[in-house]
């Protein structure tokens, strides 16, 4: 008689009731459930892969690395690294219908990799939720006319100005209103005073209420805390029924950003100076000589990894709810191409309006181009404030950021919830909604330090040490586990059980990518990232040594589970050290397609491997 990991759990009356519900929904997998249809899966995958990095990081990366020339390494790295790894993670998740921890039944000694992914998702959820709160706050603030950051209002200091201030050096004292005091100032005594724009001061003094540094925590900024609570409640409500509810919401959250980007693009193209912005983006200012610089190729690979969110477990989790015979390869190609295409598309909307900002203020485009928080909450709001009907465009922009961030937030929470439910199916599988609710509540509480007056420093610290190059380490171990230890040939046979036979040329590409090209590039980028490491900062504010130490400890806390997991599994196993190592590098008895009807002869209980 066939044994499955869920056979005992399925006797529970509550779980039987849940299984009947899944049957009524037309699910193939009654224990875990499936996507209602292919559209929901694709939209969820697209919403997860396409995040804020596509909007506020890629345009700057393209501008910095040669404009249109950057698209060559960007799409080449997609073919060499992005698609192979995205395909690998999708295939493994769909094959066994398990989350990022249980997929390592294929190579038990690497089970710690799955734990590392879950820890990374927890940290990612903490700081990403705060960024969503920022967007939500700005969206609410945009329902004012004029926009609150359009001029230096009562919250500003004396150095707030949209134009440079000229002071007169009178007897060693700078006088800014010398023209009103009947003082004749010689040209040699005129001094340009450094000022900050209204949008920058609003960001620092009103939105963040930013303190002087990481050590100056200050009180909670309550308007940000309330926005964080609201966004957490929305995520919890959407995920209460798991993929059955989130799959419906993504019809809205995954498609609306494209509509808004298109509206902003059309508006931006009609503005004076828009062409100058596009020329600096990927137009006539493209510099193909940049392709000879190694930094350009490093940035293209890093952007591909980060924008596709590889080695985070999200791709595996979403694919685990697909039906067994779904053509996972075509899905991976479509999502990856759409991800990169969205980055390019969003860049046109961003730079058309930044070009107009350059025209209005009489500054070169390169002086208004920035990335990350500087683009989303300083430069772009400043540009939008110069447009007719400014509140309308501002609401649209920040609503888009909120929706894009929210869509990317669903999957990390789903990863954590799925891991818990897969680990304790009897206790939690029929309480999925409450698991998601508890996870969202805990993430909200952990995010509160990030909405204090020092919160922006914590956000940057987590981003730099927990959500960037450290994931390359996890990706390298992931490749070693499935491509070298589990074996590429065995992996190919598993995939062919799902999608059918493929040509020799197709698998030649797969073997070359998984066995050599992808791991070599991934390892190379990781080493380069360490060699070129620069301590994070916020503008001119440097992080204290204890803060940087805490950052490195955060990175270590993610990867430490890999060796810890190895030691734990070796201690738990039986036999000599060699016998334990050999057994842990071989698939366990629980490694197989979730449903017996899909196991065939290769995974039949009578088959000896």
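Each Cβ is built from the backbone N, Cα and C atoms, and glycine gets one as well.
Curation plays no part in TrEMBL annotations; they are all automatic predictions.
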Review point. Which range, 199-219, 220-240, 367-387, does TrEMBL list as transmembrane segment?
Key: 220-240
**Study point:** Ranked first among 41-59, 113-140, 249-269, 466-487 for CB pairs under 8 angstroms with the transmembrane segment (549-571)
**Key:** 113-140
Exercise for review: Select the closest residue to residue 339 (Na(+) 1 binding site) from the following recorded positions, measuring between CA atoms: 49, 152, 160.
Suggested key: 49
**Study point:** Pairwise Cα distance for residue 160 (disulfide bond)/residue 54 (Na(+) 1 binding site) [Å, integer]
**Key:** 31
Point to revise | Euclidean distance between Cα atoms of residue 152 (disulfide bond) and residue 47 (Na(+) 1 binding site), Å | key: 37
**Study point:** Contact yes or no, the transmembrane segment (249-269) and the transmembrane segment (392-413), 3+ Cβ pairs under 8 Å, gap 6+
**Key:** yes
Practice item. With a Cβ cut-off under 8 Å, give me the same-chain residues at least six positions beyond the ends of the transmembrane segment (434-460) that come close to it. Key: 122, 125-127, 129-131, 133, 208-211, 213-221, 224-225, 228-229, 232-233, 235-236, 239-240, 242, 373, 413-414, 416-417, 420-421, 428, 536, 538, 541, 543, 547
Review point. So around the Na(+) 1 site, 47, 54, 307, 339, 407, 408 aside, which residues have their CB within 8 A of the centroid of those CB atoms?
Key: 46, 48, 49, 50, 51, 52, 53, 309, 342, 404
Point to revise | Inter-residue Cα distance where the pair is residue 152 (disulfide bond) and residue 407 (Na(+) 1 binding site), in Å | key: 34
